[in-house]
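Notes for the one structure printed next.
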């Protein structure tokens, strides 16, 4: 299981003071030096945390350190003001992975996966275009078989399973948690049979990640919010080490 660290919350903290402190590049470098295999940014059109400039600047740094760079966003978001547009950012930086999320403009955080709709054919065209600029196009999906089938139908070569329900249930209901985990096994097995890489993310942390790691089925997790929360207790370096101790098995 690979670990990609989402630095959006650090960017949010930086932006709150209108300066370059904390410095995003330094935290990206430290995360990679401590063993993270990748860095994730999700630049939204309002630039409330990571910005288009962050994406461009971090791209070369992350690649120079031999790590993966993952850019998240809605592929239908065009350029607006200082935001360059999702497709343009992918084209400019050629990241390892582009993760497509169906977020609306003012959405606080990603809270649902892609479903079939009027956008299907356009999404397929965009995915095929993106694959000229990135190794993987990962579709953010709800944890069900229909969503995996949908990802395959629009020709994504990877999925990211939305894990919020698992995370919410983990400390409250062990029976329901086990039911969710069993469903993940079926979903992931089906995805692998269809040659899809499987990532997972949303509300994963030091407590609930080990169970998912024990499945030995998920290729990559992207974690940001919990990393910053845990850094308040353990420091950033030690927090990365704690997550790496889990993901490396």
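Note that Cβ sites are derived from N, Cα and C of the backbone, with glycine treated the same way.
The shown structure was predicted, so the numbers you read here are calculated from the model rather than taken from an experiment.
Straight from TrEMBL, the features:
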type	residues	note
ACT_SITE	42	active site, proton acceptor
ACT_SITE	72	active site, proton acceptor
ACT_SITE	202	active site, proton donor
BINDING	6, 17, 203, 224, 225	3-amino-2-oxopropyl phosphate binding site
BINDING	44, 49, 109	1-deoxy-D-xylulose 5-phosphate binding site
SITE	160	site 'Transition state stabilizer'
If we count other C-beta atoms within 10 Å, could you say which of the recorded positions 49, 202, 225 has the fewest?
-> 225
Can you tell me which binding-site residues out of 17, 49, 224, 225 are within 10 A of residue 202 (active site, proton donor) by Cα, answering none if there aren't any?
-> 224, 225
When you put residue 224 (3-amino-2-oxopropyl phosphate binding site) at the centre and draw a 10 Å sphere around its Cα, which of the recorded positions 44, 49, 72, 109, 160 have their Cα inside it?
-> none
Give me the Cα-Cα distance between residue 44 (1-deoxy-D-xylulose 5-phosphate binding site) and residue 72 (active site, proton acceptor), rounded to a whole Å.
-> 9
The rounded CA-CA distance in Å from residue 17 (3-amino-2-oxopropyl phosphate binding site) to residue 160 (site 'Transition state stabilizer') is 33
Rounded to a whole number of Å, the separation of the Cα atoms of residue 42 (active site, proton acceptor) and residue 72 (active site, proton acceptor) comes to 5
State the three-class DSSP label for residue 6 (3-amino-2-oxopropyl phosphate binding site), counting H, G and I as helix, E and B as strand, and everything else as coil.
-> strand
Residue 225 (3-amino-2-oxopropyl phosphate binding site) versus residue 109 (1-deoxy-D-xylulose 5-phosphate binding site) - Cα distance in angstrom = 11
